[in-house]
Amino acid sequence: MKIQLLDVIVIIAYLALVSVIGIVLQKQAKRSKNDYLLGGNSMPFWMLGVSNASGMFDISGTAWMVAIMFVYGVKSIWLPWLWPVFNQIFMMVYLSVWLRRSNVSTGAEWMLTRFGTKADAQLSHKIIIAFALLCCLGFMAYGFIGLGKFIEIFIPWEIVKPYAPINVAPEYVAHLYGIIFTLFTVFYSLLGGMKSIVWADLIHYIIMVFVSIAIAIIAMNALSTHVLAVPQGWSDLFFGKELNMDWSGYVEGVNEKIHDDGFSPFGYFFALMTAKGILSSLAGPAPNYDMQKILSTKSPREAALMSMIVNVVLLPTRYLLIIGIAVLALLFYKDINISTANGLDFERILPSVLNTFIPSGLLGLILVGLMGAFMGTFAGTFNAAQAYLVNDIYLKSINPNASNKQISSMNYLTGLTVVVISILLGFFAKDVNSILQWIVSALYGGYIAANVLKWHWWRFNSYGFFWGMLMGITSSMILPTIFPHALPLYYFPVILFLSGLGSVIGSLMTPPTDVDVLKKFYQNIRPWGFWKPIEQLVLAENPDFEANKDFKADMFNVLIGTIAQTSITALPVFVVLMMPAQIGITAAVLAVCVVILWKTWYKKLPIS
């Protein structure tokens with residue numbers, strides 16, 4: 001089934017609605033820089049949480065997650081730890097509170113609260129701007145390509161070609177489609193700023209809830225009359241050293257996919273992935289849309305609650321869709337086409353199943369939901385890039401006394417510039433997964449060491465941050481050329497070591513950060529870690545100050561929260577697979593975790 005007139009009407013109606021949102025909220029966004037970039041810190045935490053979750057519900061990531069669910073089964077739930085998905089638990093438990101206490105507009109501005117405003121502190125400020133913009137542009141290109149590939153399956157170029165005023169080479173059709181839908185995203189996010197992004201994300205999320213439930217029901221109805229032909233171990237959540245999953249006699253080409261992915265031995269891969277994930281989470285959020293949503297909350301308490309909402313609303317909804325699509329693909333594999341000129345492309349399972357089994361009308365809603373996910377991801381990242389360019393370059397270095405009108409004009413100019421550059425980057429992307437792996441496993445690896453130290457070690461200074469980031473980013477660029485066939489996760493320890501070395505040597509070879517800056521930071525943020533010398537200075541001036549002694553409590557809550565997150569992810573999967581014993585056990589584990597977190601985390605959150 002190709003897209004029908006009813007589906008086109010649904011899509012046009014959605015695009016018109018989000019465009020109207022941008023127009024309506026334009027006046028509010030023009031009030032000030034804070035209103036445009038952070039929504040005036042006036043939006044409720046649950047809306048920001050839904051918006052943040054909605055932005056993570058992107059087409060490209062969902063297509064990859066459907067592919068790994070098809071191939072690895074229930075065990076695929078662990079693979080998003082590559083990002084890592086449990087960083088939202090660290091954010092929920094304590095890091096969102098720390099970040100929001102800074103009361104800044106961007107991650108680069110946060111650097112000034114940690115390292116001061118003197119000339120030497122500008123090193124960290126500048127490199128985080130460069131890193132943030134690089135990440136934002138990379139993620140925008142990633143979403144842009146994913147959208148184009150997705151739309152191309154439903155609207156083949158052969159249908160459009162007779163009416164098109166230009167000739168487009170087949171390899172660039174996806175790029176053209178991506179550009180067209182990107183323009184609508186730019187329109188509403190450029191006009192309405194953060195508030196328009198949040199409202200559009202809320203509408204999109206409501207659509208995705210309906211869509212995910214509908215697809216799950218369709219899959220369960222199909223499964224009730226068919227047998228799922230999968231190898232032994234496919235429906236098991238846990239694993240050993242080896243994956244021990246043989247697709248011979250089931251689906252041709254899957255064993256080759258498992259081999260090419262390089263996730264074996266699975267036990268070792270999981271251990272390295274978990275270690276990297278913990279370090280990534282300790283570093284805090286990358287300077288992108290996630291950080292901007294945290295900084296947009298009303299208070300530190302609401303920042304933590306926003307991160308909680310992300311886990312609650314994102315995972316069950318997303319995995320109902322993922323397992324539903326995977327089940328339909330497995331049951332009716334012969335009816336879908338995922339072949340390409342280069343062999344099987346498992347990322348095509350998502351659009352192929354939708355194109356084959358979903359009725360008209362519902363298909364339009366699904367396309368709107370998934371396109372809205374792209375638009376949310378793109379718009380949020382777009383807003384973050386604008387924030388760094390306007391707040392940290394234009395207002396800090398070019399025109400500190402700019403009027404609101406000048407700031408508004410600069411928001412528009414920088415926004416358009418960012419979009420053009422990200423589209424150009426998209427033309428160099430080999431495929432969705434290559435960009436995902438590059439950003440998450442390699443580039444972000446260069447971010448980890450310096451950003452763990454900035455929270456937890458008083459002696460870490462701006463020079464250490466600069467050299468740590470520089471070493472990390474440089475090595476993350478060079479190592480893929482030295483090991484072109486290796487999974488980026490496997491050379492992550494080298495990146496971490498070089499980045500950590502640059503951070504420590506750069507700090508110890510230069511004077512420490514101004515003590516007054518450190519005392520102010522420590523009293524305001526109240527981090528735990530290696531802060532004893534600063535703690536003693538603060539206590540000498542303010543004997544009533546209470547240091548943060550919650551390290552053990554926070555780590556306990558992170559552990560319980562991660563178990564809860566895994567449970568809330570697995571539960572919809574077991575529901576669609578109709579596995580009652582696993583449903584009961586998972587629900588019981590989730591309930592116990594919720595009770596524990598209510599007592600040990602929620603009741604101890606700071607009062608707004």
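Please read every residue number as a count from 1 along the shown chain.
The backbone N, Cα and C atoms fix where each Cβ goes, glycine too.
What TrEMBL annotates here:
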TRANSMEM  6-25  transmembrane segment
TRANSMEM  78-99  transmembrane segment
TRANSMEM  127-147  transmembrane segment
TRANSMEM  172-191  transmembrane segment
TRANSMEM  203-223  transmembrane segment
TRANSMEM  266-284  transmembrane segment
TRANSMEM  305-333  transmembrane segment
TRANSMEM  362-389  transmembrane segment
TRANSMEM  410-429  transmembrane segment
TRANSMEM  465-483  transmembrane segment
TRANSMEM  489-510  transmembrane segment
TRANSMEM  583-602  transmembrane segment
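Between the transmembrane segment (127-147) and the transmembrane segment (172-191), the number of CB pairs under 8 angstroms, six or more residues apart, is three or more, so the stretches are in contact. Taking residue pairs at least 6 apart in sequence, the transmembrane segment (266-284) and the transmembrane segment (78-99) share three or more C-beta contacts under 8 angstroms. It is 489-510 that, among the stretches 6-25, 203-223, 362-389, 489-510, forms the most Cβ pairs under 8 Å with the transmembrane segment (266-284). Panel annotation: around the transmembrane segment (410-429), residues 36, 136-138, 140-142, 144-145, 148, 172, 175, 178-179, 182, 186, 189-190, 193, 382, 385-386, 389-390, 394, 402, 435 of the same chain, lying at least six beyond its termini, place a Cβ under 8 Å from a Cβ of the stretch. Remote same-chain partners of the transmembrane segment (172-191), defined as residues 6 or more beyond its termini with a Cβ less than 8 Å from a stretch Cβ, comprise 15, 18-19, 21-23, 25-26, 29, 144-145, 147-149, 151-152, 155, 157, 197, 200, 371, 374-375, 378-379, 382-383, 411-412, 415-416, 419, 423, 426-427. Across 6-25, 203-223, 465-483, 583-602, the stretch most heavily in contact with the transmembrane segment (362-389), judged by Cβ pairs under 8 Å, is 203-223. Tertiary neighbourhood of the transmembrane segment (6-25): same-chain residues 184, 187-193, 195-196, 199-200, 203, 207, 360-361, 363-365, 367-368, 371-372, 375, selected by CB-CB distance under 8 Å and a gap of 6+ residues from either end.
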